[in-house]
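Q: Feature list, courtesy of TrEMBL:
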- 4-181: domain '3-hydroxyacyl-CoA dehydrogenase NAD binding' (DOMAIN)
- 138: site 'Important for catalytic activity' (SITE)
- 185-279: domain '3-hydroxyacyl-CoA dehydrogenase C-terminal' (DOMAIN)
């Protein structure tokens, strides 16, 4: 079983993976270009773990003590790493550059996993120096409750590596889902992306605004969240990266441009303080959200 885990990239999901791993008593080190931002994202998880998982402040702090370093240094986080989970931004160039820089610092034993939402393992494997120890491990947002880990390798991944990663997933209280072949979007996004795309097209075509679409979906289905809430939580940059890859029709290109405009304006979700909703205290947290006419 792994002992020393390094998380590279402490954005929305990277910070969650790091804390969940630390909570399960692994030694965790974080590499992030901006260490102070990583610290803020980790601190922001406290109320969620207290509310959803019943953690006390003492238990949260105890878990944080297993995060041994948060740095942008290329030596400290990687020198004794058993398992590296890469969660840097969803750009092929960014990921390729990261692997080019990190591989010389990794011991031979290190297994590398990407948490990429938009790419498949065969797109990234040629950028690492150990294709037999490379695979993808994809998490859902809010991993402490949505605890699925989708795991898939390439035809060059050692089967024993897959087994080790499955055992690690169980050890951090995830449900491991082993895909037999690579699939864009894995299972989760292959099912959810068409749903989000439909919501985006309704909005882009002027059928209804995001708040109305969320309310309709929630009230009609009993679902506790709407598509635009989901996009804010996942991060609009990630949703855009997925959507822009497949945009072909005029309607789809219009959606992609609208999302790009939001991102350029700094409105890319919960992390930014604004996306389709404003944070903190978004409109959907109001008790009268579904019944009010103009809740924003």
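Using the three backbone atoms N, Cα and C, a Cβ is placed for every residue, glycine included.
TrEMBL: automatically predicted annotations, no manual curation.
Quick one: where do these features end up spatially?
A: Classification of residue 138 (site 'Important for catalytic activity') by DSSP places it within a strand.
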Q: With helix taken as DSSP H, G or I, strand as E or B and everything else coil, how many residues of the domain '3-hydroxyacyl-CoA dehydrogenase C-terminal' (185-279) land in each class?
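A: Going through the domain '3-hydroxyacyl-CoA dehydrogenase C-terminal' (185-279) residue by residue, I get 66 helix, 3 strand, 26 coil.
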